[in-house]
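**Q** One structure, as structure tokens, below. Some questions next.
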């Protein structure tokens, strides 16, 4: 019997000549400011999205910041509510294979101030600072923690939650649902009285050049890049590719697709838009106005379903064939 052909794409390829790069001027300025403040920092707290534990983490940049392990380094994987507890063990194994020296990993959900991971950040940081050689800061009573990471992973939210929990004070760092809200290295924000602990918020820093197309698409899918930089239609197409290649077909029921799984994003979005009555008026070249299905609105809904966890708990760095 002949082998059954796989009806889905075996790889995701960007349109010709399109590359995913977003490195605005405030990132260059932020990198310079971060390096200037390192002498006053006792511990690095790296925040990343739990759904992409590997993608987008600039290990060379982090080595520079931590002094190749001289400064304590905690990796906080935020938005764990969208990953789920069953995948956490596999994520830790992936990270340790890629970065064996990475010892301190926490999973957090900043929407829940009682989340164990959130509550563990400060005690762990305090212990690590106490056990480390602080060099020029050995006489300093206060602890300075610097928050770093890619855009839109919850860096400012972590600061605000810790401030609310430990000082019972209102938020001090700006937050938003899109990448690039924090645009400069901020002043110290107190989050604990005894011992005095301060956090320094920083802008999200990406690699200056994203060479791996799939890494760029993963960053875009979780919202680390502004949607308009990549395009919602392309983000939706990558999401469809990823779900099919990992045999995650929950989207068929969610979108109520009559023909089952599909590799054609235009057909998927058209059927969903028609069923949900997502229409818009389009003016034709001859002046006529036609009512057409709104594929962009459908793409945005599809992306929203993923980002809000409605397509299941997902690790985008999970190898194909893992499950």
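Backbone N, Cα and C define each Cβ position, glycine as well.
Among the features that TrEMBL reports, domain 'CP-type G' is placed at 31-208. Under the heading GTP binding site, TrEMBL lists 78, 79, 80, 81, 152, 153, 154, 155, 156, 157, 204.
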**Q** Between the two most separated Cα atoms in 78, 79, 80, 81, 152, 153, 154, 155, 156, 157, 204, the residues recorded as binding GTP, what distance in Å do you get?
**A** 21
**Q** Tell me which of the binding-site residues 78, 152 sits in the most Cβ-dense spot, judged by other Cβ atoms within 10 Å.
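**A** Going through 78, 152 one by one, the largest Cβ count within 10 Å is at 78.
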**Q** Can you give me the same-chain residues 6 or more apart in sequence from residue 80 (GTP binding site) with a CB-CB distance under 8 Å?
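**A** In sequence order, the residues whose Cβ lies under 8 Å from that of residue 80 (GTP binding site) (at least 6 apart) are 50, 88, 107, 108, 109, 115, 117.
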**Q** Taking the domain 'CP-type G' (31-208) alone, what is its mean pLDDT?
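**A** Mean pLDDT across the domain 'CP-type G' (31-208) comes out at 85.
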**Q** Below 8 Å Cβ to Cβ and six or more residues apart, same chain only. Which residues does that give for residue 154 (GTP binding site)?
**A** 47, 49, 78, 79, 108, 110
